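S.K.: From TrEMBL, here are the annotated features:
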- 12-32: transmembrane segment (TRANSMEM)
- 44-61: transmembrane segment (TRANSMEM)
- 68-89: transmembrane segment (TRANSMEM)
- 158-175: transmembrane segment (TRANSMEM)
- 218-241: transmembrane segment (TRANSMEM)
Amino acid sequence: GARLLQEGRVSIVSFTLGASVISLPLLTSSFTEQTLLAAAPGRIALVFFIAALNGLLLLLYKAQLYQVAIRASFLGFAFGCGLLLSITQSPWKPFGWYVCSLSFFHYSEYLVTAMNNPRSLSIDSFLLNHSLEYTLAALSSWVEFTIETTIYPDLKQITWLSVIGLIMVLFGEVLRKCAMLTAGSNFNHIVQNEKSDSHTLVTSGVYSWFRHPSYVGWFYWSIGTQVLLCNPLCLVGYTLASWRFFSERIEEEEFSLIHFFGENYLEYKKKVPTGLPFIKGVKMEP
């Protein structure tokens, strides 16, 4: 227990250290917010910052704690760079919002797991190695944004649309974390096929709105990132892929939940929707 609490604290310190990259423009008066990430002096400063940060983490932490620290600091560094990018007036401004959203999502998955269900905490709780499909989806959105920014930068300047996407991302993030916190030790990143002694059916809070609020949150967070980026191709692709993934995931999970809780879950299923459009969950024979 103490070791897991220590890992949570190490992650907070490391994320904060990584995010301190936002102080570089303040420390170096020759930088402007536009040139920090683009001009040669800015890139050199970033290289020195990364090297110094990694050296500090190597001095402070060993073995498992270093593995936690390096991931958390990387996400903090990405969050800080996203903030710097988001205060520019370039076509890449929405990408800064996106980087902040993406890095905070992955870090908060680890932190909330550390607070909520430390027994299931591991390096995988950052979800950085979620799946090959997830990685390819992220890469495709970056490629689309880069190509469209180069060819048609005005497409990325639809501020009202990016703001709607950011609102969707924030809604999804808050809903998912509320679901994780409400479920407590019942929440796990891996679908459970065997019922543990502490496993209870949670129907209160956000679970009284939707049967699968964490999936609803992730669904709208995922789609919101592409609305934020004004990525028309990936918006369609993400919507279809996310819908299919959660449709299959919910069906798999509900088989286990019916096995665990029987009639109690069936009654809950009748009263509360999944929360996702056109997804009813596992079908029961009459």
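A Cβ is built for glycine as well, from the same backbone N, Cα and C atoms used for every other residue.
Neighbours and distances for these, please.
M.R.: For the transmembrane segment (218-241), the list of distant contacts is 94-95, 97-98, 101-102, 105, 133, 137, 140-141, 144-145, 148, 155-156, 158, 161-162, 164-169, 171-173, 175-176, 276: same-chain residues at least six beyond its ends, Cβ to Cβ under 8 Å.
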S.K.: I need to check the long-range neighbours of the transmembrane segment (158-175): which residues 6 or more away from its ends have a CB within less than 8 Å of a CB in the stretch?
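M.R.: Hits for the transmembrane segment (158-175): 94, 97, 101, 104-105, 108, 206, 213-214, 216-230.
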